[in-house]
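**Student:** What TrEMBL lists as domain 'Acyltransferase 3' is 9-317. Marked as transmembrane segment by TrEMBL: 6-28, 40-58, 78-96, 127-147, 154-173, 215-239, 245-261, 296-320.
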Amino acid sequence: MQRAKLISYSKGIAILGIMLYHLISCYLARHPIIAKGVSFGGAGVHVFILCSGFGLMYSNIRRPLNFIPFIRKRFLKVYVPYIVVVIIAFLLPNVYSGFNKTMALLSHIFLFKMFIPAYTATFGFQFWYISTIIQFYLFFTVLVMLFQKIGARNFFIMSCLISFSWAVLISLLGLTEVRVWNSFFLQYLWEFALGMVLAAEYAREGKLRLESMSMPKLIMVTLISFVIYSVLSLIGGFLKAFNDPFSLIAFGGICLILYRCNFLPGFVHFTSGISYEIYLLHVLIFKLYFEVFSLPFPLLLTALISVSTTYLLSWLYHLFILKISSAKKAPEKT
């Protein structure tokens, strides 16, 4: 059985939203209102987390792995490509402007950056997500056991309660703006769990029921969620910690609408296939073009060149990773 096309498509739209958000808000927006408006693109990370839960659960259903083989596989597929990009950023001049560059590098290699705010965003502010997803990897085997023991419905309810409790806790402690707290995996557990539930449904029924939602209902739910998301974002403060559900529903709804409209399917699925590499590379490439190289071109032309370069290098990096992975799997010749 093939993986759900909707999940692949949503991942492609999500990384496009994230990339454009970083590009426009950091380098193209000339007014704070514009920067605030495009921040919705960052909501793609919620879809990314849902898709991660879906992908891991679906793979586990098809081929269950114990903890050690699972971590080894994730280490080679996720950690190694990430660390390579971090080392490249470390070696390039004028990329890092923080303090204690060597310690910042070590914080990525040994993963203690996820506990120290000063190192969380070093070498790329998007790397906070890597810490979160690695935390999910460490607990994934336990999550699967709970899923199998208490059932999909109870598992999802439990995950929602845990995430809500975590959001309440960091709000009471005044830590909603501190990345090591607001990006801890418990904050996003409900999204990851929803992905696991959808994966089980797809493996069982061969389809996702949400794909059959009527277009008027889909548009209405998406619009209402977007309005609530926008209001809570403008208010800010402690309410920000409770905005994730509306953010996910609104962005996910847009993904489903575009999917149902068959919007650029080939391009979006291609983007999905190299989405992790794009996530790793795009901030570094944007920084090089806009800040280090300072190209003497109009901003829009520089943006086009930087996005094109991101796609090219991400595709080449993806092919390189596939080649290395295939070489490791190949049997030794006698």
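Note that Cβ sites are derived from N, Cα and C of the backbone, with glycine treated the same way.
Source: prediction; values computed, not measured.
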**Student:** Kindly state the mean pLDDT of the domain 'Acyltransferase 3' (9-317) in the predicted structure.
**Tutor:** 93
**Student:** Answer yes if the transmembrane segment (245-261) and the transmembrane segment (154-173) have at least three CB pairs under 8 Å among residue pairs 6 or more apart in sequence, and no otherwise.
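**Tutor:** These two stretches do not touch.
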**Student:** For the transmembrane segment (6-28), what are the same-chain contacts with Cβ under 8 Å, counting residues 6+ beyond its ends?
**Tutor:** 34-35, 38-45, 47-48, 50-51, 54-55, 126, 198, 208, 211, 251-252, 254-256, 258-259, 265, 267-273, 275, 278-279, 282-283, 286, 290, 299-300, 302-303, 306-307, 310
**Student:** Would you mind listing the long-range same-chain contacts of the transmembrane segment (154-173), meaning Cβ under 8 Å and 6+ residues beyond its ends?
**Tutor:** 143, 146-147, 181-182, 184, 186-194, 196-197, 238, 241-242, 244
**Student:** So if I exclude everything within five residues of the ends of the transmembrane segment (127-147), which remaining residues of that chain have a CB under 8 angstroms from its CBs? That is, six or more out.
**Tutor:** 45, 48-49, 52-53, 56-57, 60, 66-67, 70-71, 74, 78-79, 82, 86, 108, 111, 113-114, 120-121, 155, 158, 179-180, 183-185, 188, 192-193, 196, 200, 279
